[in-house]
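What TrEMBL lists as transmembrane segment is 26-48, 69-92, 98-119, 131-148, 168-193, 214-233, 239-267. The domain 'Mechanosensitive ion channel transmembrane helices 2/3' annotation in TrEMBL covers 213-254. If you look up TrEMBL, you'll see 256-321 marked as domain 'Mechanosensitive ion channel MscS'. Residues annotated as domain 'Mechanosensitive ion channel MscS C-terminal' in TrEMBL: 331-413. What TrEMBL records for 426-449 is region 'Disordered'.
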Amino acid sequence: MEQELSSFDHLRDLLDQVLIWLGSDLFAYASLAQFAVIALSLGLSWLLAGALRKLLGGVHLEVPILARIAPFFSPLTVPAFALLLIATAGVVAEEFTLPTYLFDIATSLLTAWLVIRFAVNFIRSQALRRLVASVAWLIAALNIVGLLDPITRTLGAARFSVGDVSISLLSIINGLLAFFLLIWLALAASRLLENRVDALSDVNPSARELVKKLARIALVILAVMIAFNATGVDLTALAVFSGALGVGLGFGLQKVVANFVSGVILLMDRSIKPGDVIETQGTYGWINHLGARYTSIITRDGTEFLVPNEDMITQSVINWSFSDRRVRRKIPISVSYECDLRKAMSLMEEAAHDIHRVLKSPPPAARLMGFGDNGVDLELRLWIEDPQSGVVNVASEVMLAIWDAFHKEGIDFPFPQRVVHFANATPPKESVAPSNEEQDPGSDAGKKS
């Protein structure tokens, strides 16, 4: 208790000193002069940085190494010029034995900003980059002006209890900072690991995806546990939370869990993998990505379908490249009864043989399938090994080549024919209108009545 009071007293005394300085020295001539020099240095730095960017605007596009480092050093030009000018002003002031306390603070703040701004350039997310830079610079600024230590002691003294666990505000802040930092490190490490795993070309794509997902989950769980430990929370207390989480997963998140488990099953049994050409629920395309919740399928027209992993297990899926990427296509062709069938079949095989996507081994084969109502039914069977490039387009190329070959050699395609036979061929009798005498005599009587 005495330690808590001393922390609050120390912070209050420090704030009183700051208020006294603001009331007595803020509007003093030395302070106003330093403020003016600092403001002038910042404005001049902004102008110099703009002039430097214009000067080097076209140069870095021609020099590859400058094009790479320009995004890193471009945001540092303004604080770098300001630091140089203010540090020079401080040296000059010391030579004339003038006060330099504001120059020293500004120099320390700009130095911290330069170091922090350069370090956060390696963070890809712009929002996260700004957040980390702001928090780090705030901590550095509090340390420079001497407020960090009393504030941390005050936050550490402010405690509250949750059951048997006593938690301070400082531990909560440390836990949040550790949580975001560790999550970012875990995701960065998982991306690095994913790149290394993707480079293993001799490993099955399904195994690579499974390793990447399990590694990411393990790293994130480890980061969360370390963050909880940083706040002072006993990890054994999470047993109750895990039980409640299990109930929540069983009811509210059952679809999410079902899709996640289905994704793991798909990766483990290797029924589908990235790059496979599949057809499911009327969608034909190749698998672009196997996620924790969905499978991304890109069609030939560039449309990307996100199919839940559960549907990939419960629904029928045609995998065109499951065990062998070679696919056989069947193209039905009809010719007239008057043509030479052997010649037509030979022309069909030659036309398919000239298409570059059609495999030469096994060779294309034409088969006689039957005698139809309008013509002779033939079928051309051919093999391709790149179904991801499309199967309809190669069939179209083959049929167009057959069309040209048939027209060149005089092979006719049959037209639909319909022959109508009358069951009774006797023509109907010509009807003769009855005379007036042959009409019903009762009709006139009826009219007269």
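The backbone N, Cα and C atoms fix where each Cβ goes, glycine too.
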Contacting positions for the transmembrane segment (26-48) when only residues 6+ beyond its ends and CB under 8 Å are counted: 77-82, 85-86, 89, 93, 98-103, 106
Cβ-Cβ under 8 Å with the transmembrane segment (98-119): same-chain residues at least 6 beyond its ends: 30-31, 33-35, 37-38, 72, 75-76, 79-80, 82-83, 86-87, 89-90, 133, 136-137, 140-141, 144-145
Residue numbers, six or more beyond the limits of the transmembrane segment (214-233), whose CB comes under 8 Å of its CB atoms: 165-168, 171-172, 174-175, 178-179, 182-183, 185-187, 189-190, 193-194, 197
